[in-house]
Amino acid sequence: MDKLTKKVDRFDWTLTLILFLLFLVSCLGIYSAQTAGQYDENFLVKQTFWYVVGAAIISITILFDSIQYRRLSWYLYGFGLLLLIGVLAAPESIAPIRNGAKSWFITPLGSIQPSEFVKTFLILALSTVATQHQEKYLEKTFKRDFWLLLKLVITTFVPIIFIMKQNDLGTSLVLLSILVGFILVSGITWRIILPIFSTGASLAVFIIYLVVQRPDILEKYLHVQEYKFNRIYAWLDPFNHSSSSGYHLLKSLSAIGSGLITGKGFGNREVYIPEGHTDFIFSVIGEEYGFVGGSIVIGLFFLLIYHLIKTALDTNDPFNTYVCTGIISMLTFHVFQNVGMTIQVLPITGIPLPFISYGGSSLMGNMFAMGIVYSIRFHHRNYMFSSSRSLSS
């Protein structure tokens with residue numbers, strides 16, 4: 001009985017409550033989105049099914065501790081790379097091209113997108129890289145910091161190369177955000193970080209300038225087709241592309257703007273939003289529940305991120321801290337990018353809203369990541385400065 005009580009106490013009930021609330025928000029948003037009659041499928045039932053599958057994934061992942069995840073990290077990373085290569089090599093009958101991207105396997109249960117799982121596989125691999133480096137080199141030097149940076153970059157860019165081959169820019173950006181999170185917390189000297197980040201920011205501004213003013217240079221020297229610039233053009237001036245690449249953004253802005261403070265109420269949508277159950281579900285929420293509803297959704301994500309930060313700080317295992325850092329970076333970028341693209345703060349990239357947008361692969365991948373967080377809380381209840389606490393008591 002005591003063992004059962006201890007296990008119940010070690011279970012992360014706070015995370016469970018947050019995920020349950022996100023599930024309710026997802027159900028409300030998907031139900032409203034599918035009333036437009038765009039599809040014959042019942043996405044609410046499917047999303048509920050994927051949440052049940054996600055709960056099963058959590059119940060399995062919680063059984064493994066950090067030592068086992070560290071041992072498995074490179075195997076999972078390699079398995080993820082094989083899946084990415086398999087998608088590219090498979091015939092279109094198995095891995096069809098959708099919206100210009102070849103990123104999915106067709107299975108009896110539906111489409112599976114391997115890159116959604118690769119995100120967490122990468123987090124585990126990077127955590128192993130950073131932890132092993134920290135254990136091997138107790139004394140920090142410029143050369144050793146640069147070597148750590150190089151290992152992190154190479155580990156990240158291998159899957160990015162295959163994902164870019166799939167024509168999936170959004171997921172590639174997510175992997176880059178994970179890399180940035182690791183660079184910031186791994187203790188690499190700012191003498192290395194500042195020049196790299198400054199160069200990266202300058203390069204991004206320069207590329208945007210070329211896209212807007214001189215796309216011919218990118219076409220001539222980098223062989224980038226002009227149609228790939230349409231998302232940037234639509235982001236900067238959607239009204240001039242209202243019948244093409246700016247259509248989704250204008251519909252999103254119209255829906256969110258019409259929701260005002262409290263929204264139009266459940267089921268009272270008036271603005272038709274393509275893909276409202278997936279990438280633009282925040283627009284549906286904004287129209288029906290207004291600024292208040294949107295703020296509540298963002299607040300839930302703030303609670304989730306805060307809880308993950310607390311988990312990272314509570315554990316005294318560097319590997320677990322790095323894992324939490326990667327998951328925080330991944331989810332933060334997802335939320336910022338998805339919400340940002342619906343209100344014209346950022347270009348549209350097709351990145352879903354975690355735990356809310358419909359999508360089996362995305363949900364299972366995120367649940368796998370959450371399962372590891374459950375595992376950290378369940379298996380590692382030793383806290384920083386625990387020795388001093390015990391002495392004081």
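Cβ atoms are placed via backbone N, Cα and C, with glycine included.
A TrEMBL annotation is a machine prediction, not a hand-curated record.
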(message) Looking at 169-185, 220-236, which stretch does TrEMBL describe as transmembrane segment?
(response) 169-185
(request) With TrEMBL as the source, identify the stretch among 3-24, 355-376 annotated transmembrane segment. (result) 355-376
(message) At a threshold of under 8 Å on Cβ distances, which of 48-67, 74-97, 192-212, 289-309, 321-343 pairs most often with the transmembrane segment (169-185)?
(response) 321-343
(request) Take a look at 74-97, 289-309, 355-376 and tell me which one has the most Cβ pairs under 8 Å to the transmembrane segment (48-67). (result) 355-376
(request) Could you give the residue numbers and ranges of same-chain residues that sit at least 6 residues beyond the transmembrane segment (321-343) on either side and whose C-beta is under 8 angstroms from one of its C-beta atoms? (result) 66, 69, 119-120, 122-124, 126-127, 130-131, 170, 173-174, 177-178, 180-182, 185-186, 249, 252-253, 256, 279-280, 282-283, 286, 294, 298, 301, 304-305, 308-309, 311-313, 315, 349, 351-354, 357, 366, 369-370, 372-373, 376
(request) May I ask for the residues of the chain that lie six or more residues beyond the transmembrane segment (355-376) and have a Cβ under 8 Å from a Cβ within it? (result) 11-12, 15, 19, 22-23, 25-26, 29-30, 43, 46-47, 50-51, 53-55, 57-66, 69, 104, 109-114, 116-117, 119-120, 123-124, 277-279, 281-282, 297, 308, 311, 315, 317, 320, 323-324, 327, 330-331, 338
